[in-house]
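The following features are taken from TrEMBL:
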- B:37, B:82, B:226: Mg(2+) 3 binding site (BINDING)
- B:37, B:51, B:82: Mg(2+) 4 binding site (BINDING)
- B:52, B:53, B:128: Mg(2+) 1 binding site (BINDING)
- B:53, B:82: Mg(2+) 2 binding site (BINDING)
- B:60, B:289, B:338: substrate binding site (BINDING)
- B:127, B:128, B:153, B:228: ATP binding site (BINDING)
- B:229: Mg(2+) 5 binding site (BINDING)
- B:35-143: domain 'PurM-like N-terminal' (DOMAIN)
């Protein structure tokens, strides 16, 4: 069908868009789809949720590791998780894409497929394309609250149970495995081809438990956010926004740490260090981009059963001095997570 | 207040956001503003309009010509014009911003001010910041149709009047004046300082007749779009979408061309060419980025008065063979406009 050697500068904008549009399925929320000055989207309860995130080549992804398909999935998921963290389900998204002229058209169409697949049944309703020296993908996702109040970061109250849905540390493990060369990103097929290492996949194509967001809202979650910058750092945000302290129980994270130990050993063997006993724990506590959901629930909700796949990992207590995050009642001795302008 | 030499990499992300958030006023449509995982915005009639556009340094703007404030205004206006072209008024926007670490913080806060000023009373409800080698600004704007049908590109019918609101060719004139050195971009003040040359201002900080969009919809416009890539090229889009021909009357563009003649002479004198008799006409017909609105109205609407500031510039006729744009009944002998991947 497509000549895989065709590059963006071989087509004009209309021709390029003509290859992208058919890959972007419509959805039930779409009144007017792509192709006009703007799209029109349904907002059934008279409000919509909106969030935006940007991915920059060589900052957030490497083109020798990530295919366009991977980047499309990741760009979608990090935004979809933000919408889910408000308790909403996604209805539609728009995309701005900056690409070098010598980028393969297949990379761009792969990105469109990845976006569309990760977002369905939400529809891609619009976008903009520009030339530039590096790939930049900016995605804006819209969601519907189905008449419920949004679940804010600020609602955690002493006595609430802290719960998490999704994986912790697998994306960071994947990144470290790739960085030290213990794992290869892929077999080179344009859409990712054969099976990826599960942690490499978690890093290149994160999966967020999106349905857990609206389920948490329906169950009465008092606060929620998407864990994108590491458990401790994001838990700190809930603590400060609510003026409370979150006390995480290390034992509840035991299975996550144990599952990552073989990967931690693999990194130690590959890098030739003597074995870092805390590497797996650090992945779980400070590793970002798994895009799980961290929420707080009233104790009576937890007692009768948290919505799947949430599981308790701690409790909310009164902030003694400043709101903070504790690990088994003590200040954790781990770097908290990711900052975008300081390496 | 702010040290003008402070650069982005001197602050962490939280500190940088703390300088930006106060510059982003809220608006009547905002339920939940910036700072949570996502914003929540009112959509009173159960639908919203959405469009996105991206500006890339050294493709769409030069940092030695444009301040952050200018880029903020321009990024807002090109999206606001798309919302207006659907017949909607803007309610809210989100911004993705990629900036080099050595960029002055004042440039970033200037961009926030420019965005906020150009968008008011629409609110900036969210954003994302990332490092990168060049500035990239991606803006998504949302609008409200107030219960009306959106005005699509496809509705033009034979017998309709073609009308335009806004300026034609002034942005292209400003760009050419800057490019040949006949005008200086500014006096160097961070917010643009003293008065800009009017055409330079049209290029650096375009103004779109935003209120004319909803007014056109209320008056019964059959089709509408934002003129961003040049009158002929964008008129061609209306023609193809509607399966009609648009016949533009050169005489109706006379005042636009005459107004630009001194600037055209200035470019000729500066570049030392012998005078290009068609330069001003070319600016009017093919110059992009004035962000006026091109619409078609039923003849009876035009007869009783077009909504201000629309003025008639032609008529819609049946497409003989392929839909096209004519100038006084003939194929125009002018390059049609701008393509993003071919210089």
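Cβ coordinates are placed from backbone N, Cα and C, and glycine is handled just like the others.
All TrEMBL annotations are machine predictions without curation.
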Nearest-integer angstrom distance between the alpha carbons (Cα) of residue B:37 (Mg(2+) 3 binding site) and residue B:228 (ATP binding site): 33
Other C-beta atoms that fall within 10 angstroms of the C-beta of residue B:82 (Mg(2+) 3 binding site): 30
Sites among the binding-site residues B:52, B:153, B:228, B:289 close to chain A [C-beta, under 8 Å]: B:52, B:153
Among B:51, B:60, B:153, which are recorded as binding-site residues, the nearest neighbour of residue B:229 (Mg(2+) 5 binding site) by Cα: B:60
Secondary-structure category, per DSSP, in which residue B:82 (Mg(2+) 3 binding site) falls: helix
Euclidean distance between Cα atoms of residue B:226 (Mg(2+) 3 binding site) and residue B:52 (Mg(2+) 1 binding site), Å: 13
Maximal Cα-Cα distance (Å) across residues annotated as binding ATP, namely B:127, B:128, B:153, B:228: 32
Around the Cβ of residue B:153 (ATP binding site), the count of other Cβ atoms that are within 10 Å: 22
Whole-number Å value for how far residue B:226 (Mg(2+) 3 binding site) lies from residue B:128 (Mg(2+) 1 binding site) (Cα to Cα): 27
Residue B:53 (Mg(2+) 1 binding site) to residue B:226 (Mg(2+) 3 binding site) - Cα separation in whole Å: 13
Nearest of the binding-site residues (B:51, B:127, B:289) to residue B:226 (Mg(2+) 3 binding site), judged by Cα-Cα distance: B:289
Intrachain C-beta neighbours of residue B:228 (ATP binding site), sequence separation six or more, cut-off 8 angstroms: B:78, B:81, B:234, B:288, B:289, B:291
Per-residue pLDDT averaged over the domain 'PurM-like N-terminal' (B:35-143), given as an integer: 96
